[in-house]
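As recorded in TrEMBL, the features of this protein are as follows:
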- 47-378: domain 'DUF4220' (DOMAIN)
- 13-32: transmembrane segment (TRANSMEM)
- 44-65: transmembrane segment (TRANSMEM)
- 139-156: transmembrane segment (TRANSMEM)
- 268-290: transmembrane segment (TRANSMEM)
- 310-336: transmembrane segment (TRANSMEM)
- 456-479: transmembrane segment (TRANSMEM)
Amino acid sequence: MESFGQLINEWEIQSLVLLSFVLQVFLFFTGSLRRCSRNAALRVTIWVAYLGADVVAIYALGSLSRQKDANMDNNNGSLRRNHPLAFLWAPFLLIHLGGQDTITAFSLEDNKLWLRHMLNMLAQVSLALYVFWKSGIWHSVWLLLVAIFLFIPGIIKYAERTLALMYGNVDNAFVREPSSRSRWWIPSKDAEDDGYEGYICFALRWAPGTKDMFAGRTIGWAGEGNYKKLTNYRLDPIQFFKLFDVEFCIMYSDLYTKTRLLRTTTGVVLRFISLVSTIVALVLFTVSSSSKAGGYGGTVVADIVITYTLLYGGFLLEVCAAVTTLVASPWTWAWLEAKQHHSLARVSWSLLSCGSFGLQETRPLWSNTMGQYTFLSYLGCDEPGTTLSLSQRVMSKIRKVARCLGVGEAKKLFWVSKLLDSKQEAVDDNIRECLVQELQRIRSGRPRRQWRRLRLFVTQAAPELALNLIYFIGTLHLITEVCLNNRAATASSAASGTTGGDDDDDDAADDLADTCRKLSNYMFYLVVAHSACASLLQVATGSPEDALELLRQKFLPSMSSGGSGSGSKDAILRQVSDKLRERRMFMGLSSERRKETLEELRDMWVRLLLYTAGKSRPAEHAAQLARGGELLSFVWLLMLRHELGDCAMHRMELAPRQAGGRGGYFKVIYVADPHEVSPEHEIDDRNTEIS
């Protein structure tokens, strides 16, 4: 055991240095994956590697200092005598502490701590210089030269990371860049006529304005002139989303990588010096290790191999970073195009549009998913005949065990249900189209929506429910569930020949129902189960658990609070349907008008999504970029580009709180506006059944 302990002590530094290098390689290749993925396992893995990389490098520096002092006079176990090259690894650890170009900050909070990081940099650089000086190997001219040319990129890389964090800080990063440096050299390509190249040029041209939006300084930029410039483009909804997709990708790079620093002259010069110094150090070490004049011919072969690994590995990472961050940058491509260097611009564009690491046109640059959570999931109601996912099966087992232990209340299991019952679904073209079309309809002042089927909800229930957003969304979510369940039952009966088919049994109606379901579940997920709902939404007041229990008490009074998992889906929704009729919140769903009802529900959900986006916090949208992106962020940016939202001149509210209470300094648009219900559309629904 004693010899084993000595072996560990002797090779501890080597192991730590190699581990530090492996973590850097891992972060380089995975750091940007979180932009396009909401996978929790991937995010946790990157988080552990991000934190562990600094811990390992700092601990290795401390170990070098400690072991040197402890063994300086011990001829048998001296680290200086047996592993003289170990002290040459101190500048490599500084390079590792400088991080990778693909990830400088894991979250926005890291950017806010850039001053603390600067103090850490000064401390670690001083420690590395102290370790090298006390080692005594600086008496070797070759090692001294190699060390000097390694300390240069080490200090530069560490300084780059600190500067990148400073630029990424919300308080500093969104200062508008001078127009002479940010726009004049961007090619005058058009988003409508020049395709994807036009999208990128548009995103680059308006990058300063987009940064202002994330900082909340949007009224000055989102003026009428800029709105007209955007709406002059005859883009379809899919093209609009692709345009904003590119903008968010550029913003992600500015906030969480070294991209913004490397756009500056200082950043390019520092990177050039770092790369040249690394090459010189590699050549010097190669020459010195093959000659007796090197002064370390008796060094352990493993140490030489490790040093070569660090040198060549670091050089390859530098080259890869130069290709991905500098050459394959949209800013570089735009600059080359503006300077008429078309051959180099084509090379940059080929790398930029590459599917491996560039801004590929054919794939989304974010996760392209929307969260889904339902009130039935909260109750533990599993839909019969459906295949449960692994997480849903686990949640079902947890509920059974909890009921056996007497703690099966839905409220007590809510925190587990949010994790296991929430799921992600793809954002399809139907979602994009209905969002853009409704927004353009509102902004253009076209005739108002006439709520024929949702008349009672708009005129009677909405003004009361508007005081509690979660309860408002929860009630409309239950109405949607009832409609979709009844439609599915009718379609099933028609398929079995029991009843005749409805006029809406076609692909368009199926797409409409799917859109309603996705929007309903997404909005319910946002205000109830989203991990950042409290910080993202400014209007989701109160506890989600209390709001869910209020829904249960209002619509399912016969179900006890401990009745999680009791009752089938059809039975629960029948009770909800009865309560809706009893409370006169919704009574307008007949089989002949089901498609019209679904259209109104879809439009109401779209308006709710617009309202929620307009009330959200801009800085939180920047935080969501590092978590795979959020559909709400796209809606928020789309609204601001159309002068809608709390940071613009046109604002949205749920419903008028007083009869006739309209107007004010800002133009107000209501989600559920009783004034939109014309008298000629007020039909008698007292005998209409929810069938």
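Glycine too: its Cβ is placed from the backbone N, Cα and C atoms.
Automated prediction, rather than curation, is the source of TrEMBL annotations.
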Are the transmembrane segment (139-156) and the transmembrane segment (268-290) close, by which I mean at least 3 Cβ pairs under 8 Å that are 6+ residues apart in sequence?
yes
For the transmembrane segment (268-290), sequence-distant contacts whose Cβ falls under 8 Å of one of its Cβ atoms, 6 or more beyond its ends:
142-143, 145-146, 149-150, 152-153, 156-157, 159-160, 262, 296, 304, 307-308, 311-312, 314-315, 318-319, 322, 326
In the same chain, who gets a Cβ under 8 Å from the transmembrane segment (13-32) while lying at least 6 residues past its ends?
42, 45-46, 49-50, 52-53, 56-57, 59-60, 63-64, 67, 79, 83, 86, 89, 92-93, 96, 99-103, 257, 302-303, 306, 309-310, 313-314, 317, 320-321, 357
Average the per-residue pLDDT over the domain 'DUF4220' (47-378) and send me the rounded value.
82
